[in-house]
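Colleague: Sharing a structure below in structure tokens format, with a few things to ask.
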């Protein structure tokens, strides 16, 4: 030991030095993004777009940019309380405008108020305008919480000739996932060749996400490929977009969860940790929490704002195929172990629902207490949190008959009917949030629309919408005005079936209401 050095007085090593392991770790090189506060100016995002992209209007500029700068100058001296007051006032004014434009006479509204006696105390002594705004605010909150359900299924009209599904965005290979932004204006889709597209729902104009090089991926936190793989696989199996629309998450065969910035369409982070392909993703509504399910039988929780790992949920005994999440800290998951599991994250508990003799392929929340699933035996089932078995089952919901109209619709295939045939597997289900309108897709040549009844509980068929190919993913608009379908010639997770007549892409079905 050198003289003059007392080991007891030797302090801990300094953190963050040039030679420290933290400084060399690529994960800690990331600079935490600044949160947006009302009284602070937004960070400018450098644009590397070409002149053509700017002319197409994808990036803001021109007169709109000048108007935004004028608004920033006008409200530059506002306090946080003044900003909240102004936003609340604007929101109430928008509700009043929506109320005036809402169809129906004042007499109809008065009769509706009389039926809802429990709300009379709120409306007593208030004018019709304030009463209408109060009612709309209460209904919106109840719908978000899942306590009431909009009854729109019975008002959906059967599309006429020429109003069927139309291809909105084309892909080279089978589309595996589709999702919508919270305002229903932008859509995102991914395919087996690794292509990720962001597009405008109204026009169909698309922009492509570009994968970075392996060196950049490694600097963003990605690990080197394991096993016989020599490079990162780009095949995408799942997509999810955050509620605020800032982040897009993708997962696939490379066992990573990739995070993208939707404003610049650039890769910002890679989350390692899963030991199998990432098969499903879901953001918790209104938060930055992201849930990822994998073939490694686990579900992981991430915080995309802080870009950190939070926790891992275990329980499934086989591959996790689909997950869904609402506002509460509860995750719904299904897998090939023939179970659906509801994880209550805050209570560190779970509920197990068992399917009789089939693998559950897909699931979604109807509300906090009811769920919808599709299975590989062609059944669509309605579940309740109060019962461990389905409360209602539609058997052979997508029965595929080789010599029927369904075969002609799906490219003239000559397969004989088999309840377990790949073409009849219910590969996707979706529910219009806060409503009784649902849809399911398979490879039989149709997308089925359903009405979810509350009393008595059941699933009622509405319309069959022709669509050639495997429907690997579905997404409803919040308004219920359209339905998106991710279509491919092959199933999402394999190649055990093929429909050559299908067009790989995203199809849209406009829905008309009475």
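From the backbone N, Cα and C atoms, a Cβ is placed for every residue, glycine too.
In case it's useful when we look at the structure, here is the feature table from TrEMBL:
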type	residues	note
COMPBIAS	1-17	compositional bias 'Basic residues'
COMPBIAS	38-56	compositional bias 'Acidic residues'
COMPBIAS	64-118	compositional bias 'Basic and acidic residues'
REGION	1-118	region 'Disordered'
REPEAT	168-209	repeat 'WD'
REPEAT	229-270	repeat 'WD'
REPEAT	271-312	repeat 'WD'
Colleague: By a Cβ-Cβ criterion of under 8 Å, what residues six or more beyond either terminus of the repeat 'WD' (229-270) are in contact with it?
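Modeller: Residues 30, 45-48, 176-183, 186, 188-196, 198, 207-212, 214, 216-217, 220-223, 276-283, 285-288, 290, 292, 294, 300, 302, 304, 307, 492-493.
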Colleague: For the repeat 'WD' (168-209), could you work out the same-chain residues 6 or more beyond its ends whose Cβ comes under 8 Å from its Cβ atoms?
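Modeller: Contacts of the repeat 'WD' (168-209) (Cβ under 8 Å, skipping residues fewer than 6 from its ends): 53, 56, 58, 233-241, 243-245, 248, 250, 252, 260, 262, 265, 267, 470, 472-475, 477-479, 481-482, 484-492, 503-508.
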Colleague: Report the DSSP secondary-structure composition of the repeat 'WD' (229-270) as helix, strand and coil residue counts.
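Modeller: So the counts come to 0 helix, 22 strand, 20 coil.
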Colleague: Per DSSP, what is the residue tally for the repeat 'WD' (271-312) in helix, strand and coil?
Modeller: 0 helix, 24 strand, 18 coil
